[in-house]
Amino acid sequence: MIPFQMIVFLVIFLQSYTGLAYDPDPVNDYCIPRTEFSSIFLSCKNTSLVTVDDFIYSGIKDPGNFKHTGFSSIPVSSTVFPGLNTLGMSFVRADFDVDGVNVPHFHPRATETAFVLEGKIYSGFVDSGNRVFAKVLEKGEVMVFPKGLVHFQMNVGDSPATILGSFNSQNPGLVKIPSAVFGTGIKEELLMKAFGLNDKEIAKLRKKFVPQ
């Protein structure tokens, strides 16, 4: 087993390489991007061309496909929902099969609130003093995860579960601890020393978490 304290240490290490920033305050009521221009040079639609449909998104009415891994997430940012642009927020729908897990992860640029739409979810986070705050949440309950802190979720009910997460950033970022540690190019020798694992164990973890 990997010591939990080592996971927290590695999170702090990873955060030092992730830009921590704040969304700027908007200077207009809204800014619906003009799709004919490059996203590098932001340009807003003329307000006379903006319609109510620019502020409505229907892409999370149905659950994602969680049958293969036990978990699915549908992120909603200004990339797919232009009405969010410059408003400093985004959200995600997360669906869990029975026993499905959202692995320990953090968002470097946002605080998250997670609202349980259906099911029972074991949910929590770890603060910088290695203290764990976790509890089983039921339908209608909400939990907040402070910005940059590792958090996690698991369906502990006997039926699928759904969470709606909301972020106070247009681009919250996402760092999944297993993938960031074992699915990247961190030197094998360092990982062996940090976690007390041998080369075969490291190779097995890398095979599981390296992006395909």
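The first residue you see is number 1, and the count goes up from there.
Backbone N, Cα and C atoms are what each Cβ position is placed from, and that goes for glycine too.
Listed in TrEMBL for this protein:
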- Asn102, His107, Glu112: oxalate binding site (BINDING)
- His105, His107, Glu112, His151: Mn(2+) binding site (BINDING)
- Cys31-Cys44: disulfide bond (DISULFID)
- 58-203: domain 'Cupin type-1' (DOMAIN)
- 1-21: signal peptide (SIGNAL)
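In sequence order, His151 are the recorded positions from Cys31, Cys44, His151 with a C-alpha within 10 Å of the C-alpha of His107 (oxalate binding site). Put simply, His151 is the one of the recorded positions Cys31, Cys44, His151 whose Cα lies nearest to the Cα of Asn102 (oxalate binding site).
In this structure, the C-alpha atom of Cys44 (disulfide bond) lies 28 angstrom from that of Glu112 (oxalate binding site). Taking the Cα atom of each, Glu112 (oxalate binding site) and His151 (Mn(2+) binding site) are about 10 angstrom apart. There are 19 other Cβ atoms within 10 Å of the Cβ belonging to His105 (Mn(2+) binding site).
Ranking the recorded positions Cys44, Asn102, His107, Glu112 by other CB atoms within 10 A of the CB puts Cys44 at the bottom. There are 22 other Cβ atoms within 10 Å of the Cβ belonging to His151 (Mn(2+) binding site).
Counted with DSSP, the domain 'Cupin type-1' (58-203) comes out as 22 helix, 59 strand, 65 coil. Rounded to a whole number, the C-alpha distance linking Cys31 (disulfide bond) with His105 (Mn(2+) binding site) is 31 angstrom. Cβ atoms within 8 Å of the centroid of the Cβ atoms of Asn102, His107, Glu112 (the oxalate site) belong to the same-chain residues Val92, His105, Phe106, Ala114, Phe145, His151, Gly165, Phe167, Pro172, Leu174, site residues excluded.
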